[in-house]
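TrEMBL lists 35-54, 82-103, 123-143, 150-169, 189-209, 216-237, 243-263, 284-306, 337-357, 378-398 with the feature transmembrane segment.
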Amino acid sequence: METGTSTSNSRNDSYETIKNGSWFNQFRNGCNPWMARYVYGLIFLIANLLAWAARDYGQRALNRVTKFKNCKEGENCLGTEGVLRVSLGCFLFYFVMFLSTLGTSKTHSSRDKWHSGWWSAKLIMWPALTIIPFLLPSTIILLYGELAHFGAGVFLLIQLISVISFITWLNECYQSQKDAERCRVRVMLLATTSYTVCIVGVILMYIWYAPEASCLLNIFFITWTLFLIQFMTSIALHPKVNAGYLTPALMGLYVVFICWCAIRSEPVGENCNRKAAASNRTDWLTIISFVVALLAMVIATFSTGIDSQCFQFKKDVCSEGEEEEVEEDGVPYGYGFFHFVFATGAMYFAMLLIGWNTHHPMKKWTIDVGWTSTWVRIVNEWVAVCVYIWMLVAPIVLKSTRQRTSGT
């Protein structure tokens, strides 16, 4: 019995050493959940590159395969179908991993070993699941393309909840510090900088994307974003809410960024989008922008996947000397949630590469371009504001509801 206990303790000590070690140390010590997440991220990146290659350069190869001769939209549809087929294979891989690791709570269990190891089996399973969609008829692929709209929306919702949770956590950490008085200077400096960047960003968007009075849609997008920043700030500073300046300032940065991405997604050739017209030709700047956007999407998926704590309804205390109690043999992050985010992320990258439209031809070296992409971004911005405001007022609403219930 003592031997089993000592073995378990030595395993936990080994995992603790790996966890607290360097990034290189996590890889050097073989199969472990910290190393595994980077491998899954690499697989996801390769799937993104395969989907891009299938869209921009896979048309000749696809034309040689008889299965694709009945494509309804000709060559453009072949490019779109190539993206959807790679996306479906990636989705199947991570969905299988999601089902097989859901509910894993202990390290050194069989499901933990499956998540962190068995790479030879996964190197067979992943290519097999990637090839299978290329054998399916176009009707199934187009049906998956319609379902991918919903999955991509789920991914965006998870991502914005993760971002808002991080902003709220950061604000709570500053407020819970013992030297909170000294932290006020940092908070005010960060909030002031954020508001300044927001104002500069709004001004630049007016100059770049609303140069004429006839650009009514872009003027509406930018002006409404400015109003939302003011609205979030007013609610956060309300005496009953008292959330401070920091969270609405950081949320302001987030919504300005989303608004900028939305307007940049407008199709090339619009008079009000001179930046898009200037980048109509494929040059090194266009290629670099595409690569940065692709890497940013992979990093966003990775960071959201390991942030399963944002869906645990409990408040973490960031003050010194008080730490959340974690089981010694507990998993470092939710494996099931991690793979679920990557599965929905597979649908999301497909939507970005086809402009959220299965019948929309995309130019080479472009990502997330089209009116559908623009409106998806705008709606995402509005939903983000609604979720943030609800997180501010929910405690007050629930408290008043309980008081009314107890009073009756």
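Just so you know, glycine gets a Cβ as well, placed from its N, Cα and C.
TrEMBL: automatically predicted annotations, no manual curation.
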Two-stretch contact, the transmembrane segment (150-169) and the transmembrane segment (378-398), at least three Cβ pairs under 8 Å:
yes
If you count every Cβ pair below 8 Å, which range out of 82-103, 123-143, 216-237, 243-263, 337-357 shares the most with the transmembrane segment (378-398)?
243-263
Could you give the residue numbers and ranges of same-chain residues that sit at least 6 residues beyond the transmembrane segment (82-103) on either side and whose C-beta is under 8 angstroms from one of its C-beta atoms?
40, 43-44, 47, 50-52, 54-55, 58-59, 62, 111, 114-115, 125-126, 129-134, 136, 141-142, 144-145, 148, 151, 335-336, 338-340, 342-343, 345-347, 349-350, 353-354, 358
Residues from the same chain, set at least six apart from the ends of the transmembrane segment (337-357), whose C-beta lies under 8 A from its own:
37, 40, 44, 47-48, 51-52, 55, 80, 83-84, 86-88, 90-91, 94-95, 97-98, 101, 145, 147-152, 154-156, 158, 265, 293, 297, 301, 304-306, 308, 311, 367-370, 372-373, 376
